[in-house]
Structure formats: C-alpha cells, structure tokens
Amino acid sequence: MMAEPWQALQLLLAILLTLMALPYQARKKTFLSVHEVMAVENYAKDSLQWITDQYNKESDDKYHFRIFRVLKVQRQVTDHLEYHLNVEMQWTTCQKPETTNCVPQERELHKQVNCFFSVFAVPWFEQYKILNKSCSSD
C-alpha cells in the first residue's frame, strides 16, 4: 500500500522536471546577440587563424593562402559563439608547408579569393567547425 503514494510522487516529480526543462530547451536556441566586432578581438582573431589553417589544409593549391583583408566580422552569441567572416585571401610566395615570411604573389601568380565563412566556435575549448563556406575568385 505504501508503494502507490511514492510512485505517484515520482511520476509527479518527473512531469514537473520535464515541464521545467522544456522552456530551457526553447530558450537555449535563442540568439542572445549579433554584433559586428573588430578582427583583433581575441576570439575573432582565433577564428580567423583557424579558418586560414583549415582553408589551406583543404586546398589543393601548392601555395599557402593568407588573409590579407578582413571585410567584416560578426559575432553571434547563443549557447556557443558563431562567427560570420567575410575575408579576402591571396596566394603567398610560400609553398606548403612553409609559412614564414610569406608575401602576396605578384603578376601571373597573383591569385585572390573572396570568402564568407560561418564558424561554430567554442574557443575556450579550442573547438571550431565550419558551418558554411562560400568563396569566389577575382
């Protein structure tokens, strides 16, 4: 006879916890803010370096690309950071894997791409993921 009140109490508690969790799940996906930020801001700077490294890893080009102009950086805050990055990248004189003293290629070897990246970022754990990438050549 005593088991029935405890079972009813456990069921009531489970329902209550479920009802409390639902608004949290809905709220978790809400944007807290979207702002344009400076490229020199720590986490934006880390994200820019990370996309440069990723772009070069995925590229079949023999020369390294480097960001030469940051056109726009937006930071979106939810339960993580998301950066929307518009950049101008150019081929450098450095062939892979060399990365020091790299300057832009000139004349016939000049190659430039304009790219937009959306990056999922949890920089305090050094976790990044490209959500969207779109690049076009000059």
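The backbone N, Cα and C atoms fix where each Cβ goes, glycine too.
Per Swiss-Prot, signal peptide is recorded for 1-26, and the stated evidence type is sequence analysis. As annotated by Swiss-Prot, disulfide bond applies to Cys94-Cys102, Cys115-Cys135, with the evidence given as similarity to another entry. According to Swiss-Prot, the N-linked glycosylation site annotation covers Asn132.
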Packing count at Cys135 (disulfide bond) (other Cβ atoms within 10 Å of its Cβ): 14
Alpha-carbon distance [Cys115 (disulfide bond); Cys94 (disulfide bond)] in Å: 20
